[in-house]
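Read through the structure below, which is laid out as structure tokens, and then see the notes.
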Amino acid sequence: MLQIYNSLTRKKEFFKPDHPPQINIYVCGPTVYNHLHLGNTRPLIFFDTVKRYLEMLKFKVYYVVNITDIDDKIIETSLKNQVLEKDLANKYIKSFNNLLETLNIQTINFKPQATQYINSMILYIQTLLDQGFAYFTDQGIYFRVSKITDYGKLKKQDLSQLKQNVRKQLDPQKEFPGDFILWKKTSQGITYPSPWFAGRPGWHTECATMIEQLFKLPLDIHGGGTDLKFPHHENEIAQTHAHSHQKLANFFMHVERLDYQNQKMSKSLGNIIWCKDLLKQYNPCIIKFLILSTHYRKPINFSYDLMEQTQQKYKKITYFLTKNNFYLKVNHFFCQTLDQDIMQLFHQLMQDDFATHKVIDLMEQIIKRAHQTQILDKLSQFQNSLLLILNTLVIAIPFNKPTKKDLQTYFLWQDARKCRDFIQADILRKQLLDKGFI
């Protein structure tokens, strides 16, 4: 039975959706003021695999990834580049969708944009005001954190520490340093009319509102990068409790960071590996292979040496499938059966909190076992099992498949060897070697 590590309880728990076979998943997506870097892409690759596997288990998964298309960073970038916020956002939404297509991430059912829900956000905030969970200052409307008794539970955030680590540009009218903006009063950048004053919604309110608009609470799974635990997901939890008196999600899943040069990859640090640039050098499946080779709750320290090692592992699987498939073809052997022991182990690994790194190791073991036998039935089962696993991980291996001419070349080569026509045999052998068949 599937077990998932729940960030909220800090332990693995058996996963049971509220309304099987339906599963609802919401993952926080990009703020579209730039292209996505490799760290941004890691959760998207991982949750794509999560959905594929859940569907393999016959669940019906509705998977939403939001797009934050209005935000201070978008406004800052648009002013700097002298373009409209909408045009800037649309440019990077297109870049985001192109990246998803290139990486073959096709499982997202809906990608809501924050600007499509402004009216709903206004109504949401008004409810919080009416219930005493929000208050006005000269700078906007804030959420009153003190009214949430277990605020900080997701990351075990110490509120006394929060007082000490207050932002420099603190609104002096805030009741508590941890109170967060629901509606920002501003004249800079795009603003929206409201019953109170022109402004725009806070990021945490955007997601909380969209979740309630799109799903019946609680979510089965709420996901994102580990950096979103606090304050973003914590503030979503607080707002949902205040607004609807419900819990936001049964399971929280957080994907660890991706480091570069032993530092967290981030735009603010400038140590960015843009996915669009990496894709100019590597097959998209090698990038996915790299991401899935480390458990999602462990950080990845990216390096180009690591990329090269991953590429060699990918090639090893490609070579095996090319040769093994050819061997089965020339022996006129075909079956659709799987190796049940391998598949049982695969499911054990995936149902243990999606241990994709161990599944990668399992694939290497399949190849090792295949090299130790010439039994056609076993080789076919190994190949079928490996291909099914790769398909679940959404890693395509475009291995060479023999044509009729290739098969004829093989049999001519065998005949030349029997006739001791070594010159012709060498010519034919080279043709097969060049295609990776032998």
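These residue numbers are counts, starting from 1, taken along the chain as shown.
Every residue, even glycine, has its Cβ placed from backbone N, Cα and C.
Swiss-Prot lists CYS28, CYS207, HIS232, GLU236 with the feature Zn(2+) binding site, giving sequence analysis as the kind of evidence. For the recorded site, CYS207 (Zn(2+) binding site), the DSSP three-state label reads helix. Counting only residues at least six positions away in the same chain, the Cβ atoms of CYS28, ASN66, HIS232, GLU236 sit under 8 Å from the Cβ of CYS207 (Zn(2+) binding site).
Per Swiss-Prot, the feature motif ''HIGH' region' maps to 30-40. Same-chain neighbours of the motif ''HIGH' region' (30-40): 67-69, 71, 73-74, 76-78, 88-89, 91-93, 95-96, 99, 203, 225, 257-258, 260, 264-267, 272-276, 278, 287, 302, counting only residues six or more beyond its ends whose CB sits under 8 Å from a CB of the stretch.
Below 8 angstroms of C-beta separation, residues 34, 37-39, 227, 257-258, 302 of the same chain, each at least six residues beyond the ends of the motif ''KMSKS' region' (264-268), sit close to that stretch. What Swiss-Prot lists as motif ''KMSKS' region' is 264-268.
In sequence order, ASN34, HIS37 make up the list of same-chain residues 6 or more apart from LYS267 (ATP binding site) whose Cβ falls under 8 Å from its Cβ. The feature ATP binding site is assigned by Swiss-Prot to LYS267, with sequence analysis given as support.
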| field | Other same-chain residues whose Cβ falls within 8 Å of the Cβ centroid of CYS28, CYS207, HIS232, GLU236, the recorded Zn(2+) site, in sequence order | value | TRP203, HIS204, GLU206, ALA208, GLY224, LEU228, HIS233, ASN235
| Residues in the motif ''HIGH' region' (30-40) grouped by DSSP into helix, strand and remaining coil | 3 helix, 2 strand, 6 coil
